[in-house]
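Worksheet for the structure shown next.
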Amino acid sequence: MSGIFFELVSNAVSRIERAMPAPVFSAATMAYNQIASAIFGVFLGASLGAETYGTINLARSIFLILLVATPLGLDLALQKSFVRGGDSDFLRCSALLWLRGASIALSIAAFLCAAFGLGDWLEAHVFQYQGFALAFCVTLAALPFATDNAVLGGAYRGILRPIPSLAASYLVQPTLRILLIVPLLALLDGAKAVVWGALLSWALAWLFVAAAARRDFGGAFRTVGALSEAGRILRLAPIMCLSTLVFTIARSLDSIALGYFASNADVGRYAAVQMVGQLVAIIGASLGQTLGARVAAAARESDHGRLRALLHENMSMGSLLSAPFCVAVALWGKDIDLLLGPSFVIPSSVFIVASLTQWLITTTHYASAALTMTGRLLTELHNNFAALAFQICAALVLVPALGIDGAALSTGLSILLINVLRQRQIAAMLGAPVATFHLALPLLLSATIALPIWLLGATAGYRAWWLTALEAMSQVAISLGVLLIFYADGPLRAHMIAISERFRPLRRRG
């Protein structure tokens, strides 16, 4: 039976890889994940209410922090190590098994800590919400599956074949999560149904990517030289892991601070803001899936011109593709209460700050590869520590004073700080700035197009979810079209047209 399953997965991955290039599949699956998560998040928020929704998302915030730590930085180090071909490929595949085992063992240890005391202690002394301990423990039970998926994702990106990992993370897992949680809601109370459904979806998604990895990284296992190769790869990982971990903690402190200083309902409302804010990256987030490996290759050749071109294209495309969504969330996001109910009435200022923060992340975050993949790991680590220190201070001051407005503002300011530091260092390294005012032009143009549409709807004096959706989608469609025609320079326009051309074989097959 297992042989049939492995064969089915292998054939499915092969068909996908033949049918479409990785960038197309990446964009499609990440967009699907964002849309499906947002729509299903609306359903869950309306079904569970702000307090229960907040409890689940608080547990998930800690899960995401641990998910950065338990892969030991291998999801990044393998991108840099596996990009090299040669006679040592088989040896590195053997080393990968050792590395996967180490990361899975660490994730199991983290789950056991949660199950045997940590969850109860957090519920009693930190997040004093009934049911948090159970939600936390079941959420962390998915950590071993998610950890191995992350490690394998690094290996697949290193060989520039990210499709199996993308399919597991952005197609299989979110789809199964929805299909499992919906019937479980009829059998269990809300929080239990959500966390158990998420656990099962992670386990099944892991089976998918593990089956693909058996084909791509399998073969006869060998120990001679594999441990030393694993050690060589692992030496690259700690600083990468620590840098990303510090950044993730800083990104999660807003929710954690709300959980400590404010009510669980505020955590739920802020989770709704983050859910809607993710739509800003619905397309742009897919642009950096193989950027790290390509930057590493250019750095080995000391090709600064190619590095500048890679970073310029990535950030320009990120801004162009995320700006219309950023403006839509900023202007129409507050109407989320029309779908989720009166417990989700949220000030528009929170959506404005959160959407701008997400635009900045989508546009500039992948540029960190210019430091992490070129031997400047300590520099990026210092940047992340500076952002974390600032975020802690800002959260301690702003969250008690301003609530969810303070949470959004503290995160936005810390993201701005780290990007100012990072871009100054990249400019010094390459001899010229990569991030310039041109990155903000799509945002300004999208806002100019959106304001008349928003004012027209506001003067009508009628609120309905379908009208909000119509206004927002009209603005996004018009802005994307105008940006492509009038803003994108020659290379960018050619790049976008080339992506659309890749869909032609799919239309012919259909």
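Cβ atoms are placed via backbone N, Cα and C, with glycine included.
Copied over from TrEMBL, here are the features:
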TRANSMEM  24-46  transmembrane segment
TRANSMEM  58-77  transmembrane segment
TRANSMEM  97-119  transmembrane segment
TRANSMEM  131-156  transmembrane segment
TRANSMEM  168-188  transmembrane segment
TRANSMEM  194-213  transmembrane segment
TRANSMEM  233-250  transmembrane segment
TRANSMEM  270-293  transmembrane segment
TRANSMEM  339-361  transmembrane segment
TRANSMEM  381-400  transmembrane segment
TRANSMEM  434-458  transmembrane segment
TRANSMEM  464-487  transmembrane segment
Positions whose Cβ lies under 8 angstroms from the transmembrane segment (58-77), at least six residues beyond its ends: 99, 102-103, 106-107, 110, 127, 129, 132, 135-136, 139-140, 142-143, 146-147, 150-151, 153-154, 195, 233-234, 236-242, 244-245, 248-249, 252, 255-256, 259, 264, 267, 292, 372
Any chance you could find the range in 24-46, 97-119, 233-250 with the most Cβ pairs under 8 Å to the transmembrane segment (168-188)? 24-46
Short question: which residues 6 or more past the ends of the transmembrane segment (233-250) have a Cβ under 8 Å from it? 64-65, 68-69, 71-74, 76-78, 80-81, 92, 95, 99, 102, 372, 377-378, 380-381, 383-385, 387-388, 391, 411, 414, 418
Report, as numbers and ranges, every residue of the chain located at least six residues beyond the transmembrane segment (434-458) whose Cβ falls under 8 Å of a Cβ in that stretch; write 'none' if there are none. 308, 311-312, 315-316, 319-320, 323-324, 326-328, 331-332, 359, 363-364, 367, 370, 419, 423, 426-427, 467-468, 471, 474-475, 478-479, 482-483, 486-487
